[in-house]
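The domain 'DUF2179' annotation in TrEMBL covers 246-300. Annotation comment: TrEMBL describes 33-50, 70-95, 102-120, 132-151, 171-192, 198-218 as transmembrane segment.
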Amino acid sequence: MILLYIQLINYRIFIVKWQFREAYMWSKYKDDVYQCIIVAIGCAIFGAGLDAFVLPHKLVSTGISGVGLILYYITGLSVGTWNVILNIPIFWAAWHWLGKRVVVNTLYGTVMLSWMVDAFDFLQYNMVISDPLLSSMMAGVTTGIGLGMVYRVGGNTGGLDPIALIVRKYYGLQMGSINSVINAAILAAAVFVVGLEAVAVTLVSLYVYTIITNKVVIGFNQRKVAFIITYRTYEVCDAVISKVGRGATIINGIGAYTRTPKQIVMVAVNLLQVNKLKEVIEEVDNEAFILITDAQEVIGKGFTTPVVPTSIENLVKECKDNAHYVEHKD
């Protein structure tokens, strides 16, 4: 009886240890699992948008996907296959000059994007929108949402970023300038394959894509920052905290005309709280001077948690972590 009791205790201890280990492993890797799922969904949306709205009208794009599209129109080999082929030498160069961590972090996104583009290949044979311009706009929306989701969780799909980082590392050029030059060359080459009209329509898609991607990464809820110049500083702060539900920061300043010290109250609010803020300030000090401006992003308590760095920022960080990385001053 005693032995049976001891065995039951040992079994219970084993179960508790197993549950603890499972909980620990899940807490350790749940962020990676979440990232992989979101990257897969984002790549699926991108692939569906590319096949449904770009390929039927023989439009193009920028980056490695743009080169893959051009080669697809010439050879008939799938875009996803070309995406993998074109990324192989880029990965080799990144592994050699930037470090293996850069390659490992982008390999999953690259493979997933290539696979999703080919998986939704059937959509190109059923033209969803007959108007090339509208189709281009929808392409920008869908691909922007897809890659925006990937970037928001810190994912990466390869492409031109490693090339830009290598050039930046050894020649000190700005990454944005490098990408712009390469993308301009891709669009110029596309003119000889799909024609000037298709490239012109593609520019609309790229414009929409840029806007949507930024909105998905940063968020659609626009933020505002209000600067309130008042002689009733603490009354305004108390009213903002109690009635608007936002914190405030007091900044010391000097009036340029009167040369007298002034205090400025800075408040960050969302779009729906702007009118309430103005009403509250009007109640406390109807002579206050209020300046309200847009804030691209507000990170902190009451707004959003820090967004994981985008693909380019991730790659830069990986390069800096590499022992052979040398920072060049611009």
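Cβ coordinates are placed from backbone N, Cα and C, and glycine is handled just like the others.
TrEMBL annotations: computationally assigned, not manually curated.
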Tell me whether the transmembrane segment (33-50) sits in contact with the transmembrane segment (132-151), defined here as at least 3 Cβ pairs under 8 Å among residues 6 or more apart in sequence. yes
For the domain 'DUF2179' (246-300), what's the mean pLDDT in this predicted model? 86
Positions whose Cβ lies under 8 angstroms from the transmembrane segment (132-151), at least six residues beyond its ends: 38-39, 41-50, 52-54, 56-57, 59, 61, 109, 157, 198, 201-202, 204-217, 310-311
